[in-house]
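Right, one structure below, let's go through it.
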Amino acid sequence: MIVTIVGWLVLFVFLPNLMIIGTSFLTRDDASFVKMVFTLDNYTRLLDPLYFEVLLHSLNMALIATLACLVLGYPFAWFLAKLPHKVRPLLLFLLIVPFWTNSLIRIYGLKIFLSTKGYLNEFLLWLGVIDTPIRIMFTPSAVIIGLVYILLPFMVMPLYSSIEKLDKPLLEAARDLGASKLQTFIRIIIPLTMPGIIAGCLLVMLPAMGLFYVSDLMGGAKNLLIGNVIKVQFLNIRDWPFGAATSITLTIVMGLMLLVYWRASRLLNKKVELE
């Protein structure tokens with residue numbers, strides 16, 4: 001069994017990543033895509049202000065989408081965890097149902113809904129709230145909406161798991177000692193649910209930087225993410241070495257985020273043990 005698992009990991013994880021790393025140090029060739037000539041130019045190109053700006057823009061968009069998911073997801077997860085046990089499975093089922101549909105199809109549906117002639121603008125015009133359609137599509141806001149729409153369930157699930165495990169007697173003790181609802185939330189609930197918050201933020205932020213089809217469909221050419229750069233290099237420009245170098249750089253950034261999560265989790269566990 002162990003040999004099978006190790007073989008599967010080597011064949012489908014280790015070797016493909018090794019090929020990408022190797023390709024990132026090679027030279028582009030118009031005929032065969034890759035020339036077996038070692039170079040570091042692919043990584044030095046990433047220091048160009050254009051690509052560095054795209055990377056920072058991707059981090060910024062991913063951070064905003066993560067914060068939006070946290071603000072929207074925490075109250076929903078709290079509401080879900082406080083419902084009767086008989087009702088929770090139904091709402092959890094409704095939360096998971098969208099995963100049965102391809103996310104690309106869902107983004108197309110959202111694009112139709114938010115377009116100038118879409119249902120949202122038509123409804124606002126009918127109410128008399130606006131006189132002319134609001135331009136939402138092909139803006140940074142549209143990309144954020146698309147990312148939140150796709151990734152919100154990834155925030156809700158770990159938050160729900162953490163909130164459900166809250167020690168109720170501890171909350172009751174805080175009330176008995178005169179703590180207000182705000183004090184209880186800040187000093188007890190948030191620290192106890194911090195593992196879920198960190199896990200949810202990672203589950204949202206890591207894929208948010210690479211969902212190129214969201215920025216393609218919702219943001220247009222002026223709102224590119226680093227995932228779009230990788231896609232263009234592999235599929236359009238056919239510069240596989242530079243695309244591989246960009247992929248490795250993105251992987252390193254994600255790895256650093258995972259390292260921060262691991263360190264934060266260890267510190268939280270030590271703090272809980274001391275208390």
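Each Cβ is built from the backbone N, Cα and C atoms, and glycine gets one as well.
Membrane sidedness, as given by the topological domains in Swiss-Prot, differs between Leu55 and Leu267. The DSSP breakdown of the topological domain 'Cytoplasmic' (157-187) into helical (H, G, I), extended (E, B) and coil residues amounts to 24 helix, 0 strand, 7 coil. The largest share of C-beta pairs under 8 angstroms with the transmembrane segment (136-156) comes from 61-81, of the ranges 1-21, 61-81, 90-110. Over the topological domain 'Cytoplasmic' (263-275) the predicted model carries a mean pLDDT of 68.
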